[in-house]
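Student: Take this structure, written in C-alpha cells, and hold onto it; I'll ask about it next.
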Amino acid sequence: METEERDFKEEEGENSQLHLVDGGHRCAGRVEIRHQGSWATICDDTWGMNDAHVVCRQLGCGVAHQFTHAIYFGSGPDSIRLIGPGCTGEETHVWQCPTWSWEQQSCSRTPDAGVICSGFVRLAGGHGLCSGRVEVNPGGAWTPVSGAKFTVPTAQVICAELGCGEAVSVLGNVSRNASEQVWAEEFWCEGQESELWFCPRAPCLGGSCQHGGAVEVVCAENSQLRLMDGGHRCAGRVEILHQGSWGIICHYWWDKRDGHVVCKQLGCGEALEVTYNAHFGPGSGPIWLSGLSCTGEETHVWRCPSWGWGRAYCSHQRNAGVICSGFVHLAGGLGPCSGRVEVNPGSTWTPVSGVNFTMSTAQVICAELGCGKAASVLGDLPLREDAGQVWAEEFRCEGRESELWFCPRAPCPGGSCQHGGAVELVCSEFTAVRLRSPGPSQCAGQVEVSTAVGWRALCASHWSSANAQVVCRQLGCGVALPTPTGARSAGGGVGEIRTDRFHCSGAESFLWSCPVSGLGVPGCAPGNAVLVVCSGNQTQLLPQCDDSLSDPAGSTASEEQAANCSDSRQLRLVDGGSHCAGRVEILHQGSWGTICDDNWDLRDAHVVCRQLDCGVALNATASGHFGQGSGPIWLDELSCTGEESHMWKCPSRGWGQHDCRHKEDAGVICSEFLALRVVSEDQECAGWLEVFYNGTWGSVCRSPMEDVTLSMVWRFSNGTWGSVCRSPMEDVTLSMVCRQLGCGDSGTLNSDVPARESSRIQWVDGIQCRKTDASLWQCPSDPWNARSCHPREVAYVTCAGHRPKSCPDSVPCTDREKLRLRGGDSTCSGRVEVWHEGSWGTVCDDSWGLAEAEVVCWQLGCGPALDAPGEAAFGPGNGSIWLDEVQCRARESSLWACARAPWGQSDCKHEEDAGVRCSGTSSVPAPIPGVFSLPGILCIILGTLLFMVLIILGMQLHRGRAQLKASPNFEDSVEEALYQEIDYLLNLEEDPVDRSENLSDDSANMLPYYTGDSEESGDPESAPGQHIDATGNGYDDVEELPAPEIPFTSGMSDKSDSPQEESGARCLQGGISLDSPREASNTSMEEKGSPLVLGQEDAGYDDIELSPMECHF
C-alpha cells in the first residue's frame, strides 16, 4: 500500500512544477507548486526548516537560510492550498516527503509558506561577499569550482548575481585540499545570464576538473558605510553605499556582534547597544543586506556572512541601528567628562600617552564628548595595572576638528609614547566667559559664562575676589579692581542667574579650572548678578601688596589700601578630599609651603575657611593630620583673632621663621566640607544615602535625582553627615552617586525598605545632576535644610558593586569580631552566632560539646568553658544556620579552624541552636595549651641569652678575684688603704666646724660622698649623712678597686651642700662595700651635715677591694 502511494506521488510530481515567488530573485519567495494546470501554495501550519531545505535543493538554490510564515512574501492564489509536506530534509523533491498530499487543505492559520535560500553560488574565504574562491551548492554541500577553462564571462555573471559589480580579476589553479572534491562541470557563460544557474554547462572531459586547482574571483567593491540620524557620527541607522545608492540593513539576525563590526569599521570603538524596528527612523533606498551573521572579527560589515546583496526581505520599518562607544572616552573619573584619555579603534581601550599631548587636543576631546571646554590636563600619570601598550601615535589637533578621529596623527618619535605615562583630562560645561556692559569696555561688566543653553550670569552672593582675579587674567584684562560703590549689573541677561559657586585660589588661568560646587547652594535673587572691574592691560599701575606680616599688635594696612594692590600670595587646602579640608598651604615668592602647628587653633582655622569661602572652621588639625607637605614652612606661631581677611595678616614670627618640621604641618576642616556614604548593617555599596554637611551626617531625599546623579550619594558637609532624599532619581544621578562611592557605574533606588526614624536629619532634596558635573557636589539642588523631606522620602540606593560586608562593623576585622554570644546573662554566655556573607547566623548543636565551647570561650576572651548547652537554651535565633556538625579538639585558635559541614548546609532548625557558658575570668584569650605564642617564644629566647651572659660574667668575676688574691701585696695594700680612709673620717668627725674656715670652694666641690647601699634619692641635702653597711663580726669580701690619691685640705666645712653641687658638679668616690655573710645593719644620720658614723665592727678585715672614685661634673 505504501509503495503504491509513493508511486502515485512521483507520477503526479512528474507533471508538477516548483518555484519561489515575490522574493526578488529565483532562490527566495513564497513556495508555489503547479499541479493539474493550477498554482497552489503550501499551508504553513507545520512548515519548518527541513521542508525549506528540500525546496532549496530541488531548485538548485543551495541550502535554506530561513523559512517564513504568514504571507511573508505576500498572499498566493486562494484556489488551492496543500498540506505541509513533513520532510526529513534528505528528499530531492518536496512531493517525496512523508506527509505530502495532493489534496486541497483548509489551513488553520494564514497560509503561504516561504523560504530564503543561500543561492547556487558564493565567493568564500576572501574579504567579504565580493571576493574569494568560487563555490556552488545545488542543495547539499558547498563545492569548489575548478579553474580549468574558467572564463571571465563566467566571473562577470557571478559578480553581477552577487551584487558585487564587475569582475576585477580571476585567479585559477588555486591550491586546495587534495581530498576535496571539485564541481564536475564546466560553466560556459556568455556574460548576459542573470545567474550562474542558467549558464550552459558540460561535464569536464576525462575528469579533468579533478586534476586542476580551484578558482578565485575578485569583484569591484566600492561600498561605503555610515550611521544616520543618531545625533553624532558613531550612532544611528546603519546605511551602506552600494552600486551608487545608499541603502539600509534589515534587522533580521542583527545582534551586538554585527554592531561591533560596524563600530570598528567606522573607528567608533565598540557597540554599546544595537537597535531594531527603525529606532533612528525608517530611512530610504534599497535594503542591501539581511541575515548578517558576523563573528565580530571582520573588518567590514559586508564581509560578514549574509543572505547576499539585495536579498533582504523586510520593510524599512525593520532597519538596523547601532550606538557605538565612540573613538575616545575619559575613564576612571567621577563622570563621563573627566578621567584618563583612552581611545578604541575597534578592539580594546588603549591609554593615550601624555607625551606631546596639547591643550588643543584636549579641547577637541571635550567638545566631541559634549563636555564643554578642557579645564585641566595632567600628564605622565601611572598606567592602569591591566593596561597593555599605550597608543603609538601623537594627536596633533588644531582645535577646530569636530572629533579626535579627524585630527592629524603621527607615530611617536623613537617609540617615546611607550616611555611616557597616561594623560588625564577634566572638562567643564563652561565654554567661555565675558564681562558684559552697556559701554564699549570688555574689561568691566556683568560676569557671564557660556553654556550649552547660552550665556548665563553668575550670582554675586557666591563670588570672591580670587574668582574676579581669574576672570580678569583669562580675558587679558589685567587684575581685578574694587567694584565702584553703587555699580549695578547690566541687566537684560538671558535666562536665570546661575548659582554655581566657584572656589578659585586666584592662580588659575581659566575660571572653569576652579573647583565648583552647586549642591545645597541657595538660589540667587533677581538682579543680583556679579560685577567685575578689571584694570585693563595696565597691571603696572597697581603696586604689589605689602609683603610684611602684621605686627604682634595687629596693625595692618587699611582695607582700602589692601584692595588696591596686586597680591600674588594664594591659599589652598591639600589632601583632604575637598577644597574645604586639608593641609594648609600658602603660595609665597613663587613656592607653595605649609604652616607650622605651633599655637594653631580654631581662630587661625576660621580665617582660612573664611578666606577660601568654606564657611567656618570645624576642626584645626595638627601634627601633619593630612600628611606631610613639602617645600618651605612659611609661617609659625600664628596668633589670629579670627577676624582677619587673609591668613598672612595674622601676627606670626615672620615669613620663613620657624623651628618646625613638616610632621607639624597644620590643617583645617571647614563647615563646607562634604562627604558621601551609604549606611547598611550588612551590605557594602547599598543602603541609606547620606551626606556630611555642617559637621553632621544626614539623609538625601529622593526627589528628581536623575540617573547621572546616582553614579555619585550619603554626604559629608559642614562637618556633618546627612542623607540625600530619594525623589525620582534617574540614571544620571544614580550613576554619579555610585561612581563617586567607588561602587560601580550604575545604581537603582529601592523603595521597598522600612522608613527611617524621623529624628534623623534630611539634608538635601531636588538633586539634578548633569552629564558635565564632575561630582555630586557640582549638581544643583534645593538649599540645605535639616528637614528637606519626609523620612519616608529619603533615598535607599543599591549600586552595581553592592556586596555583603566582610565584617559586621568595620574593616578590617579579626575572627574575634565575627563571633558573638546572644541571649545570655553576661557577655560570656549565650547563643553562639557567627558572621558570614554579610549577616549573623547561628550554629547547630549537632556534635556540639565542651571542646567546641572551649574554642568559642577562648576566642572571645572569656576564659575556660563551663558548659555547652544545646537545644536553643538561650532562645532560638533567626536568619541562617551557618554551621553544623562542628568538631573541635579544644586546641584550635578559632571556631573556623574546627572541622565542620560546609557553610550554610544544615538539617537543623533554630530550636537546635548551640550555646556556651564561659567562666569569664579572662578578658584576653590566653595561649591555648601546647601552643606557644610569638611573645612567649621571644621571652624564652631572651631569657636564655640573659642567663648565658650572667654565667659568663660570673666566670670572669671569679677569675679576677682569684688573680687578685694571688698577688703578694694584696693584703698590705688593702689594709693600708682601708685604715687611712677610716682614720681620716674619724678625724673629720672630731672637729667639723673649726676646719670649715680653711676649706676652699674648689675643695668643697671636690668633697667626696661616701656611699653605701642606700644612695637612692640622689638628693644633695642628704649627701653628707651617708649610710655604711657594716657586718657584725668582720668585713668579708669587701670589694674596692684602687683609687687615685686626692689631696685634702687640713680643714673641711659643710660646703658639700653648696649650690655647685645642686647644679650637678660633684665628685663621687666609690663607696666602701662591706659584704658579710652576717645580717647587715644600716645606720643613717638624720641631721644635715652630720658626720658619717661607722658602727662597731670586729677587728677582722678580709677580702676588701677598693673601687675607683668617680667624678661627675
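Cβ from N, Cα, C; glycine included.
Note that this is a predicted model, so its numbers are computed, not measured.
Below, the features straight out of TrEMBL:
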DISULFID  CYS56-CYS117  disulfide bond
DISULFID  CYS87-CYS97  disulfide bond
DISULFID  CYS189-CYS199  disulfide bond
DISULFID  CYS250-CYS314  disulfide bond
DISULFID  CYS294-CYS304  disulfide bond
DISULFID  CYS397-CYS407  disulfide bond
DISULFID  CYS504-CYS514  disulfide bond
DISULFID  CYS609-CYS670  disulfide bond
DISULFID  CYS640-CYS650  disulfide bond
DISULFID  CYS769-CYS779  disulfide bond
DISULFID  CYS857-CYS918  disulfide bond
DISULFID  CYS888-CYS898  disulfide bond
DOMAIN    18-118  domain 'SRCR'
DOMAIN    121-220  domain 'SRCR'
DOMAIN    225-325  domain 'SRCR'
DOMAIN    328-428  domain 'SRCR'
DOMAIN    433-535  domain 'SRCR'
DOMAIN    571-671  domain 'SRCR'
DOMAIN    676-800  domain 'SRCR'
DOMAIN    819-919  domain 'SRCR'
REGION    994-1099  region 'Disordered'
TRANSMEM  932-955  transmembrane segment
Student: Go through 225-325, 328-428, 433-535, 571-671, 819-919 and flag the stretch with the largest number of C-beta pairs under 8 Å relative to the domain 'SRCR' (18-118).
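Tutor: Ranked by Cβ pairs under 8 Å, first place goes to 225-325.
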Student: I'm a bit unsure how to read this: which one of 121-220, 225-325, 328-428, 433-535, 819-919 has the highest number of Cβ pairs shorter than 8 Å with the domain 'SRCR' (571-671)?
Tutor: 433-535
Student: Within 10 Å of each Cβ, count the other Cβ atoms, then let me know which of the disulfide-bonded residues CYS97, CYS117, CYS504, CYS640 comes out lowest.
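Tutor: So among CYS97, CYS117, CYS504, CYS640, the disulfide-bonded residues given, the one with the fewest Cβ atoms within 10 Å is CYS97.
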Student: Calculate the distance in Å between the alpha carbons (Cα) of CYS670 (disulfide bond) and CYS640 (disulfide bond), and round it to a whole number.
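Tutor: Between the Cα atoms of CYS670 (disulfide bond) and CYS640 (disulfide bond), the distance comes to 16 Å.
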Student: Near CYS918 (disulfide bond), which residues of its own chain have a C-beta under 8 A away, given they sit six or more steps off in sequence?
Tutor: CYS828, SER829, ALA853, VAL856, CYS857, LEU860, CYS862, GLY863, PRO864, ALA865, LEU866
Student: Quick check for the class: what is the C-alpha distance, in angstrom and rounded, between CYS769 (disulfide bond) and CYS514 (disulfide bond)?
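Tutor: Taking the Cα atoms only, CYS769 (disulfide bond) lies 19 Å from CYS514 (disulfide bond).
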Student: What is the separation, in Å, between the Cα atoms of CYS640 (disulfide bond) and CYS609 (disulfide bond)?
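Tutor: Spelling it out, the Cα of CYS640 (disulfide bond) and the Cα of CYS609 (disulfide bond) are 13 Å apart.
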Student: In sequence order, which same-chain residues at least six apart have a C-beta under 8 angstroms from CYS314 (disulfide bond)?
Tutor: CYS250, HIS251, TYR252, ILE287, SER290
Student: Rounded to a whole number, how many Å is the Cα of CYS898 (disulfide bond) away from the Cα of CYS397 (disulfide bond)?
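Tutor: One finds 66 Å between the Cα atoms of these residues.
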Student: Closest of the disulfide-bonded residues to CYS294 (disulfide bond), Cα to Cα, picking from CYS87, CYS117, CYS199, CYS397, CYS514?
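Tutor: Spatially nearest to CYS294 (disulfide bond) by Cα position is CYS117.
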Student: DSSP helix, strand and coil counts for the domain 'SRCR' (819-919)?
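Tutor: Summed by class, the stretch gives 16 helix, 32 strand, 53 coil.
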Student: Roughly how many angstrom lie between the C-alpha atoms of CYS304 (disulfide bond) and CYS650 (disulfide bond)?
Tutor: 75
Student: Whole-number Å distance between the CA of CYS189 (disulfide bond) and the CA of CYS609 (disulfide bond)?
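Tutor: Between the Cα atoms of CYS189 (disulfide bond) and CYS609 (disulfide bond), the distance comes to 90 Å.
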Student: So if I measure Cβ to Cβ from CYS397 (disulfide bond) and keep only same-chain residues at least 6 apart in sequence, which ones fall under 8 Å?
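Tutor: CYS397 (disulfide bond) has long-range Cβ partners THR358, SER360, THR361, GLN363, VAL364, LEU404, CYS407, PRO408.
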Student: Quick check on the domain 'SRCR' (433-535): DSSP residue counts for helix, strand, coil, in that order please.
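Tutor: Output for the domain 'SRCR' (433-535) reads 16 helix, 30 strand, 57 coil.
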